[in-house]
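Listed features, source Swiss-Prot:
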type	residues	note
BINDING	ARG107, LYS108, LYS111, GLU133, ASP134, LEU135, THR136, THR137, ASP138, GLY139, GLY140, SER141	5-phospho-alpha-D-ribose 1-diphosphate binding site
BINDING	THR137	orotate binding site
Amino acid sequence: MIPTSFPPREEIARLTARMLLEIQAVHFRPHEPFTLASGLPSPTYIDCRKLISYPRIRATLMDFLTVTLLRDAGFEAFDNVAGGETAGIPFAAMMAERLALPMTYVRKKPKGYGRNARIEGVMTEGQRVLLVEDLTTDGGSKLSFVDAIRDTGATCAHTAVIFYYGIFPETIGRLQAHGVTLHHLCTWWDVLAEARASDAFDAGTLAEVECFLSNPRDWQDARKPADPAAGL
């Protein structure tokens with residue numbers, strides 16, 4: 001069923017952050033940083049995949065994402081909902097159900113046998129496709145999925161995520177340059193504010209996280225592993 005009420009953006013962001021904290025999807029570890037896919041260190045990590053195990057929370061967040069899209073993109077803006085492999089697939093299925101639209105998913109790369117396809121499900125030329133993922137950091141992986149969708153002759157001008165890092169200023173511009181608008185529910189800044197309000201972490205940890213969020217590149221550069229070749 002399509003939601004008919006439209007909560008304020010600020011309330012959606014606050015409640016989304018609260019739910020992520022409640023299920024312990026948020027991890028802050030400034031003194032033993034996580035390693036991102038890029039190889040760079042980060043004191044923050046978020047596991048949106050956990051959401052699928054919490055029916056009330058996942059339903060609420062999908063309602064939030066639905067009303068965000070209806071308000072910002074339009075009520076008749078899409079013909080197909082595509083999930084990005086792997087984390088985006090369950091959320092795309094839930095969004096397709098709410099929007100009463102066909103659902104497909106996009107592989108990261110062709111599987112190498114059979115049809116050797118990147119698109120699974122039925123996607124046809126001219127369809128307006130919404131790309132759904134769990135989160136985005138710098139937007140890079142979204143561009144690959146968008147290109148695969150467009151290669152079918154469909155269009156893709158919107159991507160929707162639950163969580164957007166919101167700390168890399170080039171992200172929005174990169175997506176816009178590719179003709180894609182990003183829709184999201186909350187950012188690290190929303191999570192930090194809610195973490196402070198809930199006393200979920202100690203003050204020292206939150207101060208270090210804020211330092212990272214304010215200038216992630218400098219924080220990472222100061223903590224990158226030393227290059228073994230540098231001393232040769």
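Including glycine, each Cβ sits where the backbone N, Cα and C put it.
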Sparsest Cβ surroundings (other CB atoms within 10 Å) among the binding-site residues ASP134, ASP138: ASP138
Around the Cβ of THR136 (5-phospho-alpha-D-ribose 1-diphosphate binding site), the count of other Cβ atoms that are within 10 Å: 23
DSSP three-state assignment for ASP134 (5-phospho-alpha-D-ribose 1-diphosphate binding site): strand
Neighbour tally for ARG107 (5-phospho-alpha-D-ribose 1-diphosphate binding site), based on other Cβ positions within 10 Å of its Cβ: 16
Distance in Å spanning the most remote Cα pair of ARG107, LYS108, LYS111, GLU133, ASP134, LEU135, THR136, THR137, ASP138, GLY139, GLY140, SER141, given for 5-phospho-alpha-D-ribose 1-diphosphate: 25
Among LYS111, THR137, GLY140, the most crowded of the binding-site residues [Cβ within 10 Å]: THR137
